[in-house]
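The following features are taken from TrEMBL:
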REPEAT    57-141  repeat 'Solcar'
REPEAT    154-238  repeat 'Solcar'
REPEAT    255-333  repeat 'Solcar'
TRANSMEM  257-278  transmembrane segment
TRANSMEM  309-327  transmembrane segment
């Protein structure tokens, strides 16, 4: 009866799949200090690694990878972001993306396209530090709370919970610089640099000026990040299982990074699709006064909310793929433990009657 019930649970669970293979390693008993995490044998024994999985050094280097992946990619698209923000707040002046670039260059010169680069780089670097660093922390913490078998059965749920928890703190870190960026980019004459903008905002509105946008950030970023991380993790697993012709342990580092890039792009496509209707509504809301989200949604209709999807897929897909590629490259460069694709724990196989 027990194996049958477990089998039904495993089949019915839409989020079933392991986080990673956890294997017990016989070790001499030591003090609990510094030994609270379970060892992942495959993560440390199979590769020449520079630190222990789940150690302070591991988390710190993951955070550094997040700084580079988010800070560099978001700063690279500052000109496009600037024009997009101006289109949303002043559509009469900036009539299209091409026209927005032309007007900006005519009025501010080519350097005007870089307005807001400093708060963008600082803000999204801090967001990347918290997003990727805390994701690794919460992923291990939640896995330890669930146990080996439940981690396998509810692996995607764990990804979703870990990424949502990480993004909560990441947006708190991002909010002040995001507020400065929007002021610099959308209010001509208010301030041209971060050094001008931050003191002026604080003097006029106090500390709240930097955090009044944190709730909208949570509403936009947390669902997006949940899709980004969960889809990436599942796609990596499926690529190694069905597409890559050999086990990951036999793949070279460049081959593994190609898989990372492809999985990141696929995750970005899903992120763009999931968030596009809401993004369309928000864009129209920013252009019109007095309208509500429900009114805009009804007016756009089922087809209208999907306008511009291809362009968004290209942008978000490329951005997400580059972020994961940079992040995984940091892991490879610093020789961080990288657990293999997930497999069903032996204990669960016995309960399901899959082994003798």
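Cβ atoms are placed via backbone N, Cα and C, with glycine included.
Unlike curated entries, TrEMBL annotations are predicted automatically.
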Chain residues in Cβ proximity to the transmembrane segment (309-327) (below 8 Å; excluding those fewer than six residues from its ends, i.e. six or more beyond): 62, 65-66, 68-70, 72-74, 77, 80, 128, 132, 228, 232, 257, 260-269, 271-273, 275-276, 279
Report, as numbers and ranges, which residues of the same chain sit near the transmembrane segment (257-278): CB under 8 Å and 6 or more residues beyond its ends. 220, 223-224, 227-229, 231-232, 235-236, 239-240, 244, 248, 251, 297, 305-306, 308-309, 312-313, 315-325, 328-329, 332
Averaged over the repeat 'Solcar' (57-141), what pLDDT does the prediction give? 89
